[in-house]
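One structure is given below, encoded as structure tokens.
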Amino acid sequence: MERYDILRDLGSGNFGVAKLVREKANGEFYAVKYIERGLKIDEHVQREIINHRDLKHPNIIRFKEVFVTPTHLAIVMEYAAGGELFERICNAGRFSEDEGRYYFKQLISGVSYCHAMQICHRDLKLENTLLDGSPSSHLKICDFGYSKSSVLHSQPKSTVGTPAYVAPEVLSRKEYNGKIADVWSCGVTLYVMLVGAYPFEDPEDPRNIRNTIQRILSVHYTIPDYVRISSECKHLLSRIFVADPDKRITVPEIEKHPWFLKGPLVVPPEEEKCDNGVEEEEEEEEKCRQSVEEIVKIIEEARKGVNGTDNNGGLGLIDGSIDLDDIDDADIYDDVDDDEERNGDFVCAL
């Protein structure tokens with residue numbers, strides 16, 4: 001940490017804590033995610049770092065480097081000063097159709113890039129979309145802990161993600177197309193932006209995970225009468241929320257949908273800067289970038305733990321995301337204190 005000044009905490013979760021830091025050499029701000037050394041440095045952590053390393057897109061949080069401290073593995077990445085999109089919806093209640101489309105276009109742009117890089121995210125949700133804090137409020141996808149690369153890994157079949165956002169086929173415990181499952185999660189994100197509630201929660205018992213899963217499997221959702229959205233938007237949602245993944249709309253098809261094509265073009269932040277030094281800066285960054293071999297070596301060092309001990313706190317809820325294969329048909333919320341935030345339920349009044 002000799003190169004960084006720690007400024008303040010950004011948040012915490014089961015993974016550990018995130019801090020805002022400033023690089024001493026150039027004054028640049030970064031976010032650093034600290035994960036305790038030991039068994040918490042699992043396959044999800046390694047996958048997150050390796051997959052994230054190769055992604056360079058204006059709508060994806062940029063990875064910088066990883067290193068170890070005596071007690072933690074530290075992942076350094078771009079700092080998004082605008083916070084979570086989740087928080088903005090909590091404050092607004094819900095977005096207008098134009099505002100929802102503005103963010104949805106950016107989400108799809110980032111997801112399309114990931115898919116072109118043969119990476120499916122598998123845990124797309126509002127809490128994993130950040131805002132850069134600029135006047136234009138650009139969206140940034142983060143947290144690749146459950147992502148899977150078809151280049152490095154087989155077709156996904158594990159049941160991972162956040163319950164409210166999970167596609168029906170993900171619950172089947174069979175192999176599925178992670179890219180098409182991502183489309184479903186994007187649809188849930190769009191619905192929440194426009195409605196201010198989750199599409200498949202039981203309004204009578206929103207914390208009942210079994211009811212949510214049943215409603216997902218039966219594609220049971222409605223758009224409340226008080227929400228005014230266009231027929232084109234409703235049509236897009238109906239093409240996303242399709243139980244059969246083979247019949248679900250794809251990302252390229254979404255990009256051609258009439259509703260998606262409406263509204264102004266979203267200018268990427270790199271184009272807004274018009275900085276002649278950007279290319280040189282990126283070339284220099286590429287020269288200094290850690291290799292996969294270096295990263296794996298650092299991760300192996302972090303797995304050793306502190307003084308030969310492991311720091312595994314158990315795996316269940318990770319920032320609201322779960323591996324349902326680890327839970328034997330149990331109500332996952334039994335393991336969470338009532339006062340803790342539960343993804344799958346808004347914790348603020350909408």
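Any Cβ shown, glycine's included, is placed from N, Cα and C.
As the structure is a computational prediction, the values presented were derived from the model and not from experiment.
What Swiss-Prot records for 4-260 is domain 'Protein kinase', and it gives sequence analysis as the kind of evidence.
Around the Cβ of ALA18 (ATP binding site), 17 further Cβ atoms fall within 10 Å across all displayed protein chains. Here Swiss-Prot flags LEU10, GLY11, SER12, GLY13, ASN14, PHE15, GLY16, VAL17, ALA18, LYS33 as ATP binding site, drawing on sequence analysis.
Under the heading active site, proton acceptor, Swiss-Prot lists ASP123, citing sequence analysis as support. Look at ASP123 (active site, proton acceptor): DSSP puts it in coil.
Taken from Swiss-Prot, the feature coiled coil applies to 270-303.
A distance of 19 Å separates the Cα atom of ALA18 (ATP binding site) from that of ASP123 (active site, proton acceptor).
Distance between Cα atoms for ASP123 (active site, proton acceptor) and SER12 (ATP binding site): 18 Å, as a whole number. The Cβ of GLY16 (ATP binding site) has 18 other Cβ atoms within 10 Å, all protein chains considered. Spatially close to LEU10 (ATP binding site) yet at least six residues away along the chain are ALA18, LYS19, LEU20, ALA31, judged by Cβ distances under 8 angstroms. Fewest other C-beta atoms within 10 Å: among the recorded positions SER12, ASP123, that description fits SER12.
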